[in-house]
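Input: a single structure, listed below in structure tokens.
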Amino acid sequence: MGAQHQPLLYVFAFGALHQLPPQPNQPRSREPLDHAESLQSHQFCENRLVKKIALLGSTGSIGQSTLSICESHPDRFHPIALAAGSNLEVAFAQCQRWRPQVVSIATEALADELSARLKATGINGIEVVYGTAGTVRVATLPEADFVVSAIVGVAGLEATYAAVLAGKTVGLANKECLVAAGDLILAAAREHSVDLLPIDSEHNAIHQCLRGGSASEVKQIWLTASGGPFRNTPLADFEHITPAQALKHPTWVMGQRITIDSATMLNKGLEIIEACRLFNLPPAQVRVTVHPQSTIHSLVEYVDGSILAQISVTDMRLPILYALAWPERVPSDLTFDMAALSHLDFQQPDFERFPCLRLAYEAAAASQNHCIALNAADEIAVEAFLAGKLPFLGIPRTIEQVLALTTSGSPASIPEVLAADRAARELARELVAR
């Protein structure tokens, strides 16, 4: 990146997207991949080198969708580093398929077992690392062009922040990073001229719609929500909602925590905070509308009364592809059938039915510490709910109690963010145990 490059995150604060300096036709000079197998699995396109991907959260739903995109577009994207969490079987299979330069896994014991399996099958030359340090190694690999941050929760914070400090372009599928440490990440992105590209479908949609105007022309943005499985459930039944019921999302197939968060609409609350950070908007300009069809992923309303909406299939591969290919668009088979579009419904969100949405707005208006506490308390409450230790309505009750005991403030460093997160989690655990 040149010295005059304006980080994408601040485009909407300083001018229209088309005012960005043009992107070069060719990326920076890169070293060849270490493995002959990897070199054979993808080719070079005319005037363009394959974009090398470091993938944080490779065994999760976003991670596997990202690898699906790499599979479909081998001439454009290739994963060279994987952070795989604790799923040894999937991590091993991914190493067999992609032969990354580096793979990280949760613990030293798992790293030893993965190394042994790779050696036993004749796969050599893959650097196996573990823990937070291993994930940071993946995120900062010098050869990587693009980092996909898809580790759920604050577990992905340190690696994502390290990627920004290393000057990597980052695709954010981890909203908790901006919820907990938005100010720090944005400041680092600005200092290092780093582009942060949203992968969450709603923010990705907003990003696309914002290409139609400048920041001064935006009146407000609208995040759409399906309303989850309990949009029409009688309030009297909420106390008896089971984990099995809450895990049946009407639109998306996702991980357990985000599916429960969608059922409480806390996920939409986190997205409100994420949107405030990404697009430099106050909470009052970030609105939510319940849209059961999930056909429109988000909207941008301009001062002249025009509203731009992004419509696409409900498939996370599309926003991932958009982020990976930016500023280009590349062909895909993820087409939307307009003939199947019979009607679009929109409703105001019910804050009595979904108190987590109200709590998120309150946290966003209060302080960074409150945003940290909101996310931390939710993680503990959802964990307790899934374990049968807390009723469904206990989730918002626990969050509200933690927020009431949180002191306003803004951490000055990532260690301070993590300390605030630990304190909020401990408080939430104490409340759940009562």
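In case you wondered, yes, glycine gets a Cβ from its N, Cα and C as well.
When the candidates Glu143, Glu158, Glu271 are compared with the Mn(2+) site entry in TrEMBL, which names Asp200, Glu202, the shared residue is Glu271. Site annotation for NADPH in TrEMBL covers Thr59, Gly60, Ser61, Ile62, Gly85, Asn87, Asn174, Glu176, and the matching candidate from Gly255, Gly269, Gly305, Gly388 is Gly255. Of the residues Ser193, Ser214, Ser216, Ser226, TrEMBL places Ser226 in the same 1-deoxy-D-xylulose 5-phosphate site as Lys175, Ser201, Glu202, His249, Ser262, Asn267, Lys268, Glu271. Comparing CA positions across the binding-site residues Asp200, Glu202, His249, Glu271, the one lying closest to Thr59 (NADPH binding site) turns out to be Asp200.
Taken residue by residue with DSSP, Asn267 (1-deoxy-D-xylulose 5-phosphate binding site) is part of a helix. Other residues of the chain with a Cβ within 8 Å of the Cβ centroid of Asp200, Glu202, Glu271, the Mn(2+) site, are Lys175, Pro198, Ser201, His203, Asn204, Leu223, Asn267, Lys268, Glu274, Ala275, Ser298. Mapped onto three states, the DSSP output places Ser61 (NADPH binding site) in helix. Note on proximity: of the binding-site residues Asp200, Glu202, His249, Asn267, Glu271, the one nearest Asn174 (NADPH binding site) is Asp200, by Cα distance.
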